[in-house]
Amino acid sequence: MRKGKLTSSQKSVLEAKYEPNSTLKVVAGPGSGKTTTLLHKVHHLIDSQNIHPDEILILSLTNKAVDNIFGKLTSVFYELTDSDDAQHIEQVADKIGCYTIHGLANKIVTEREGTVSIIEENGWRGLSQLVSKDYWNKTRSPGKKTKRLEKLLSEYKKQNKSSDDTIDKLIQIMDSCKVLTNEDLIIRASKILTEPTFDSAEFSFIRDLNQRYKVILIDEFQDLYPQLLPLLQTISKNKQLIIFGDVHQSIYEFLGANSTVVEALDHLHSNTITVHLNDNFRCSPEIMKAARKVINKEHVAVELETISDIIVKEPSKVDPIIESIDNVDAQLRYIETEISKLVCSSAKLSDIAILTRSNAEIDTIIDYFKNSAIPFEKLTSQPEWMSDVRIQYIIDFMRTILLTSDDNNSNNNNYRPNERNCTPNWKSDFNTIVTLSGVKGIGYATIQQLYQSALSNEQPLWEYLKSLDAGDIPIAGHIKQQIQRYVGLLRELHRSSFVSSCNEPIELLEMLVNIISDIEYQPLINISKKDLDIVMKHLQDLLLALNEAKDSKPSDCSLLEWFLTHYIEQVTSAHHEKLLAGNKDDIGTIKLSTIHAAKGLEFPIVLISNLSQNQYPIDTNALYVAMTRARNLLYLINVNHKEIKNIDRFSHSILEQRNFWKYYNRDLKRTNIITTKSYYTELSKKYNLLPSKRMLHSAPKTFLRAAKFLF
């Protein structure tokens, strides 16, 4: 095995012996080569410590982290293996388990109970229709109904309050339809693993979790929260647990105290070793020095008073650029001007990220950039179309079509909505409620009346609606016609066998859009042109996802069924691959992101901006994470934190720093481009943008067009 490229601290992780019932804790700061070390450790376990690939399980909280590991796994194995047998190397890598924690929980629950669904915005909206106005008035909690309901359900389950008929009824519907919250998923998976051993082939994954795996690696332990602990403790029992992370990058405290989880994992086994990765391959010394001034040193496990102890990169001789600009418009103009200067130097737009605390601040920047020529891209944990409630409704309708089809219907006898082992036909209740709730004119009173009538008849809601003649629907006027249209459209789809026969994405999407138009889906009525443009863009994205599903589906499965089963995993993986890959061949796009969404990423230049009207201080860990996304140049714009005053700052024009731009291009392995202030001044004169004049929106366009000739 080739270890020459690893540092001494990285090698100490590799050389820690495999021992059952032990814990290896690797404290790895930003840019310390954590992922590289983790992957080398996996290879070392297989190559030198007699652990089989299928005895190793890698877990992390986010899809982004898992995709990053999985994407690099094979390439690291190629690098470290003398064999030229590509097929063998890939087979070895494929045997290693690599999941998000929620993905693992879903796999456990699905193997035990069949396919389950995770509730989203439209689902909460549908369930809220079953809650009476009197109940809402009684609870008097603030916020949107959907968020209030989610909170009420969570608190009710946790606190074991006295019986509440309304909440009990909603829980029964969710249980009967196998609809779970993310909390439910984790809890249910934990319980399944503590049940008697599953020895049959039917439960092979659960059996392997309990018996086969020998080493559990958890990436980003600082992201874990208390609710995950029982599942992680059960999985790690009698195994070697290896955890990687950095408590200073814990920014999900709103989910619960991370320190509780880390302490529990530290004491899970009596044999625990801690190793620190003290190197930094990412940030310049100046950026790292500033970042370390921000964090709370009470919790620093290893004293690193001299910056040279942890730095691998050479100094850039440019400290962070710190500006206080209270006015939002002035701050946006400053950002735009700095981007123009950076691009007129040596930076590509794709080098630059603007980070904020909230999505609202990102939206402010987007609205401003739309009036300029600066191309931008918002970074999200999943594609934006997946969060659009109108697209979610189309997907909900897909599920309703599938679950109410004759192929999924079975004997209606002995319908009991609170039994766990449900048949598919009454599993459709939840989606029927969700899609009916979106129809114009159908409110909570109608949903309540229909659902109670179905219960009285001991029928699934869809079967009840289907069995009624027009005159029997217990609703009057226009709403009755809306229900008839809804039922008629679904029945016609089932009669035509469209569900099982349609394998063309454009035909499927066209059919869905026509149906949603016919039933008068409320959020699309009187929609503004701006929102319509967004919906059309997201429909195109959905069509692309359907096309990808068509290309990957087996011949014996319908497009609809395959898409609904696999689209989340496929789309999010492709999304993260795109983010990680970028485009190295052109000037690119500015990256806009919240600090939370940028976690785990790095950029040559980072501008941290506070555009909020509320000037409350930024959280220490969030600021530390944001600052350490930057490789070479960091801006702190209107950032409010008590330690900002203690940070060394750069007060000269970045345009004049020829040595810095040589350093910058050398670090990014690019050809050095000689730029001068005179070039920027020449453009300023040509386009009437002198420093003494107010900056115009149109001016940066010209800089960017001119700067493109540099590349």
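Just so it is clear, glycine is given a Cβ too, placed from its N, Cα and C backbone atoms.
Listed in TrEMBL for this protein:
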type	residues	note
BINDING	Ala28, Gly29, Pro30, Gly31, Ser32, Gly33, Lys34, Thr35	ATP binding site
DOMAIN	7-284	domain 'UvrD-like helicase ATP-binding'
DOMAIN	285-600	domain 'UvrD-like helicase C-terminal'
**Shell of the ATP site beyond Ala28, Gly29, Pro30, Gly31, Ser32, Gly33, Lys34, Thr35, same chain only (C-beta within 8 angstroms of their C-beta centre)** = Thr37, Asp246, Leu277, Asp279, Asn280, Phe281, Arg282
**Prompt:** Hey, what's the Cβ neighbour count for Gly31 (ATP binding site) at 10 Å?
**Reply:** 22
**Asked** Sorted by position, what residues of the same chain at least six away from Gly33 (ATP binding site) have a C-beta under 8 A from it?
**Response** Leu6, Thr7, Gln10, Leu277, Asp279, Phe281
**Request:** Let me know the model's mean pLDDT on the domain 'UvrD-like helicase ATP-binding' (7-284).
**Result:** 88
**Item:** Which listed residue (Gly29, Pro30) has most other Cβ within 10 Å, given these are binding-site residues
**Value:** Gly29
**Asked** According to DSSP, does Ala28 (ATP binding site) fall in a helix, a strand, or coil?
**Response** strand
**Request:** Any same-chain residues 6+ apart from Thr35 (ATP binding site) with CB under 8 Å of its CB? Would you list them in sequence order, or say none?
**Result:** Asn68, Ile69, Lys72, Asp219
**Request:** Output the one of Ala28, Ser32, Lys34 that, of all these binding-site residues, has the highest number of other Cβ atoms within 10 Å of its Cβ.
**Result:** Ala28
